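Asks: Next up is a structure, given as structure tokens.
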Amino acid sequence: MATSMVCLVALCLVSPLLLAGAVVGNPGYGGLFPQFYDHSCPKAKEIVHSMVAQAVARETRMAASLVRLHFHDCFVKGCDASVLLDNSTNIVSEKGSNPNRNSIRGFEVVDEIKVALETACPGTVSCADILALAARDSTILVGGPYWEVPLGRRDSLGASIQGSNNDIPAPNNTLPTIITKFK
């Protein structure tokens, strides 16, 4: 239990850093902004928050799982939801990479959120933004910090299993190696 709590705290601390790294040096968040869906899907944030709250209420460790899912997505090709893509004739999924296989979870929560958003606002909210909001909301729900999430990401049409295998920090990496991977 203590190890799980340490991991959750570490993920809660790392997630805002990922977001900050994605927007530093980009005035106006590089085209992303927190109000992106205010007119096209005004209840988007509310829907995501409500469904994440339900998932975390069912299973508290889902909060850490959603943060980890976002973390693993952002380390490969940026925060583009490529981690959600399944194998197809044109795609070798990141789900099968060494860091992800039997490790990341929460896909069903993201799927449920996507269904609810498609009902409310068809074809509007990206899965990449769902992951970003779900990570933030799950962090808040377990007592972590709040941060503003710039929105407007586009979903990837491809995955990179090689990037997933090489770019995601391994549990046995040294601190200098991990710091290098964050740059």
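Numbers run from 1 along the shown chain.
Backbone N, Cα and C atoms are what each Cβ position is placed from, and that goes for glycine too.
Pulled from TrEMBL, these are the listed features:
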- 1-22: signal peptide (SIGNAL)
- 31-183: domain 'Plant heme peroxidase family profile' (DOMAIN)
- CYS41-CYS121: disulfide bond (DISULFID)
- HIS72: active site, proton acceptor (ACT_SITE)
- CYS74-CYS79: disulfide bond (DISULFID)
Asks: To see if you understand the setup: which same-chain residues, six or more apart in sequence, place their Cβ under 8 Å from that of CYS41 (disulfide bond)?
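Replies: Correct list: LEU117, ALA120, CYS121, THR124, VAL125.
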Asks: Counting across all protein chains shown, how many other Cβ atoms sit within 10 Å of the Cβ of the residue listed as 'active site, proton acceptor'?
Replies: 22
Asks: Here are the disulfide-bonded residues: CYS74, CYS79, CYS121. Which has the lowest count of other Cβ atoms within 10 Å?
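Replies: Fewest other Cβ atoms within 10 Å, among the disulfide-bonded residues CYS74, CYS79, CYS121, is found for CYS121.
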